[in-house]
Amino acid sequence: MKRLNERSRMVTEGVARAPNRSMYYAMGYEEKDFVKPMVGVANGHSTITPCNSGLQKLADAAVEALEAAGAKAQVFGTPTVSDGIGMGTEGMKYSLVSREVIADSIEVCVNGLWQDGVVVIGGCDKNMPGGMMALARTNVPGIYVYGGTIKPGHFKGKELNIVSAFEAVGEFTSGRLSEEDLKGVEQHACPGSGSCGGMYTANTMSSSFEALGMSLPYSSTMANVDAEKVASAAESARVLVEAVKNNLRPRDIITKKSVENAVSVIMAVGGSTNAVLHFLAITSAAEIDWTIDDFERIRKQVPVIVDMKPSGTYLATDLHQAGGIPQVMKILLDGGLLHGDCITITGKTIAEVLKDVPSVPRADQKVIRTLDNPLYKQGHLAILKGNISPEGCVAKITGLKNPSITGPARVFDSEDDAMAAIMAQKIKDGDIVVIRYEGPKGGPGMREMLAPTSALVGQGLGESVGLITDGRFSGGTWGMVVGHVAPEAFVGGTIALINEGDSVTIDAHQLLIQLNVSEEEIAKRRAAWKQPKPRYTRGLLAKYASLASSASKGAVTDLNLDLT
């Protein structure tokens, strides 16, 4: 029988480890504890953001359940960045970087202390992929516990979420909203703890982790403030101890087939563009053969069957009441769009987990549809290619009145410059805004363009203006927007060669993003282009810029390292 402390005994057994044990005795350990599995609890609690401010109760529940199940819990902290608070500022450059820092910090503690398993608890966007990357890297038994969604806010009879506040800025600047109502939206959009409530990035990733098999059924759509979320954290800890006993490891669960399941669910629920970047990073960490083209392959197979914000109607709490991710998965499974034989952290297969879930969603709900009555016949996250982005870029293409647009480029070398022009109402119908030098290396950090896109929506330009960037978009973004353009401007990608007024085409049907300039002219501009000086030469952002891969490879920092 496998020893449950197979890893941790490296620091607890033998005469030579007497000093090591002394450190544990200082924290109240007893001799009998050294034969128990030592399980880390990666606790993302902080008062930086409502996404993470409700995590301590989940960590406490996990610790209690671990100890009751015969493990010894070891709690350590992981950092977070609030995308909603950093949005539109230089601070947002740290958001994607924090994904790498979170993965690194968990790897440090799990491997540095020889932990036998780990419960990862996170809330805000980058907590999710950062934690999963660490689980894939370390490959010790692990489970992901999502902190839970926020509940909707209300003002003047209207249901609100954080994107309501971003869009209200544009409504105010265009004279469509009073200052009093702007303040009202601001104060009521976020009523308590939990991650942003639509199918934005955090809820997209939590849903995908449930489909991946690394989180418990129904856990991804629970509200943070509800008692069932605490109970789910405790159950997750108990399940993790069983995984330690059975030596069930992340790479047994995270396979190409289970990633296909996860991406199928992302398409079905209308998830965030960031999921493309993050699953490229997760599969890289798990050493799975996965490329940006795999998303397009699955998009063509899987319809959108869940009506969720930002482009739809409902929030995660509504999805939970309608049957949650298991209901979505059962519909996909019955339609031959999921692999039912994939193992989950529970030890059961996907098919076994979904055995008792109804094949048809309840008639009294409107959130989840059937395959023969989808919102859209194909998925919404399309991979566009063309001379602007030969490596591929990402667009949300469903729900657009005008899936194709050709117009004059309005070129900005930073988000800040673009936002100033939008706020000054200098962007008009038919324009295509180009925001560049915001890529992994050039930004650095691929800031999310929620502030400019929301301002355009608030000004009534969401359907008539295109936006192209080598940065990212928030999960709350909608409209004719294309992100993750690769190669990025900083390395001389064609996006760096677009001039003000150039004709640019975005065609969702043809999956095309094109600069309508002759090849000879592009070659001439490329020969004249000079790489700008890096914006940072010391510190974390400089380190990230020097190590980051292309967005088409996940913008990770441990790929193709020069170790000579």
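Cβ atoms are placed via backbone N, Cα and C, with glycine included.
As the structure is a computational prediction, the values presented were derived from the model and not from experiment.
Feature annotation from Swiss-Prot assigns [2Fe-2S] cluster binding site to Cys51, Cys124, Cys196. Secondary structure at Cys196 ([2Fe-2S] cluster binding site), taken from DSSP and collapsed to helix, strand or coil, is coil.
According to its DSSP assignment, Glu448 (Mg(2+) binding site) is in a strand. Cβ neighbours of Glu448 (Mg(2+) binding site) (same chain, under 8 Å, six or more residues apart in sequence): Asp83, Met87, Met92, Ser95, Asn274, Gly471, Arg472, Phe473, Ser474, Thr477. According to Swiss-Prot, the feature Mg(2+) binding site maps to Asp83, Asp125, Lys126, Glu448, an assignment based on sequence analysis.
Lys126 (Mg(2+) binding site) falls within neither a helix nor a strand when secondary structure is assigned with DSSP, and so counts as coil. Counting every protein chain shown, the Cβ of Lys126 (Mg(2+) binding site) has 28 other Cβ atoms within 10 Å. Annotation comment: Swiss-Prot describes Lys126 as N6-carboxylysine, evidence class sequence analysis.
If you draw a 10 Å sphere around the CB of Ser474 (active site, proton acceptor), it holds 30 other CB atoms from the protein chains shown. Annotation source Swiss-Prot lists active site, proton acceptor at Ser474.
The 10 Å shell around the Cβ of Asp83 (Mg(2+) binding site) contains 31 further Cβ atoms across the protein chains shown.
Take the CB of Cys124 ([2Fe-2S] cluster binding site) and look out to 10 A: across all protein chains shown you find 29 other CB atoms. Note: the [2Fe-2S] cluster site is recorded as Cys51, Cys124, Cys196; in the same chain, Thr49, Pro50, Asn52, Ser82, Asp83, Gly84, Gly123, Asp125, Ile150, Gly194, Ser195, Ala202 also have Cβ atoms within 8 Å of that site's Cβ centroid.
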